[in-house]
There are 2 protein chains.
Amino acid sequence: MAPAATGLSNEAQAPNPSRFDPSFTQHVLDTMGPKTTDRNRVVLGSLIKHLHDFSREVELTIDEWMAAVHFVNDVGKIYAESGKTRNEAHRVSDILGLETLVDEIAHKIVSESGVDPTSSAILGPFWSPNAPFRDNGSTIIQNPAPNGRVCLMHGVISDLVTGKPIPNAVFDIWQASSNGKYDFQDPDNQSPNNLRGKFRADENGKYWFYCYHPTAYSLPTDGPSYTLLQMMDRHPMRPAHIHIMVTHPEYKGCTTQLYPKDDQWLATDTVFAVKDDLVVDFKPLKGDDKAVLELDYNVILAPKDYTGKTF
Amino acid sequence: MAPAATGLSNEAQAPNPSRFDPSFTQHVLDTMGPKTTDRNRVVLGSLIKHLHDFSREVELTIDEWMAAVHFVNDVGKIYAESGKTRNEAHRVSDILGLETLVDEIAHKIVSESGVDPTSSAILGPFWSPNAPFRDNGSTIIQNPAPNGRVCLMHGVISDLVTGKPIPNAVFDIWQASSNGKYDFQDPDNQSPNNLRGKFRADENGKYWFYCYHPTAYSLPTDGPSYTLLQMMDRHPMRPAHIHIMVTHPEYKGCTTQLYPKDDQWLATDTVFAVKDDLVVDFKPLKGDDKAVLELDYNVILAPKDYTGKTF
């Protein structure tokens, strides 16, 4: 609506003349009422501006808009029809890089010293709050799987500032089996908490246990997220990875993932969760009849009140 | 992932130094494969850039991202559970101004002469392809409603360039009843095609028929779109309106809505579909025992090959 009739601002929103009403986006923003919280005003205001700018930039067609409406409905339909087990909205946001981005926004710390804490990576949908504590030296493999390559994983959890070990830090690990499935997804082959466990670091900050070398797997290929991947001519693969969540009451927790350095999907991970310090080297292990591989991975945590470099 | 390991571009995307990886968004865009169509590359590329810029600008939190994931799932859940009758994704896009924007992008024509064709407005979800043809002078009111104020609506459909009338142009009208509901939504009170009809302009480009003065109504207040309105402290009201779609094989069709000038919701229409030339004056009518009001509304159509001013 033009300013004459509505009293709307006539301020231009684009630097160039355009056939589009320059006051439209501001008009939409101005309908927000006084009881909108400050945060909602900022977040929804920015969302509306970007949505409008995107639409004008690409001159979004009515058919494309309607396809997007149907896409959103289809995303939620799968969630409803699967009894809330298939979270396609989560997956769509992942393949657009959004979960990795909000993880970076929430957790990225850059130190002044040049040594940074261990990078975070997305939690993903398969963490369980119910993983049992296990003893250092034990195994998370409850249901041995064909082709599973057993690995002795160990390392030290230490303080970013002092470099000292952090005794009693909790190292929580979860991983898919050699078929690329987690216990939740594979009840015929895996009992609950197979390939899950929490380990408490010893007095020297050390943890050690047996797990599998991880296996690459595909996201589901029968839903809207795969449709979107196909529109972008992208594959649905995640590189092989081990999930870890390392916590201690006096430190900022670190939720992350570790990737074998020779995995073919590292550079094009479909959810963009790979970072350099998370790429690891599994080495052949001799003299241990329980494992054929070894992974030495040290974790660095920042103290709870650590802020790092400000920008 | 840093350039050293992936060969990714190190080009900065923001003018200021940031704690965030400046190559992340470009990395996501670069995973699009060679078989992506040009249009998908443009549209999805712009969508991803704006989504990322939005997230960084507001420093979107993990809780906010997760709330958005649940919101999208809830939108599609209503669609699935209602048997596809409640299109909340459509409604959410409407209250964010998106349907009005894509309508403007698709249909906005600015003439060189100063006289513009009749403005378009959104189609909305209630148009029917099955509305019957009726004779000029007849009524679309099949089921008289309490408090319905009958109006004689008439006007001329003419050519933007020549100013001449357009005989045989089709004037398709649909409107809600005095309870704010369309026939689809109100089977207990309304038979199919109540308050719908198509009229063919006579040799002088004239159409005339009886309808109701329209009634303002609220969008549904029990779904995700209303939740979003509440977050913005906005009302769910649409101003009273009459939908029309005017077509002729030799002209660009015009789908639009007409609004009484004294409606209280004009400036804050929840779907932002009001434009100045669509605000009309219903006048008292004397000497016609079928109606108490009159609406004179002329429609201007642009010839099919008309392009208007370019920007």
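Each residue's number is its place along the chain shown, starting with 1.
Cβ from N, Cα, C; glycine included.
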Residues flagged as region 'Disordered' in TrEMBL, choosing from A:1-27, A:109-135, A:244-270: A:1-27
DSSP-derived helix, strand and coil totals, residue by residue, for the domain 'Catechol dioxygenase N-terminal' (A:38-109): 59 helix, 0 strand, 13 coil
Local confidence of the domain 'Catechol dioxygenase N-terminal' (A:38-109) - pLDDT mean: 94
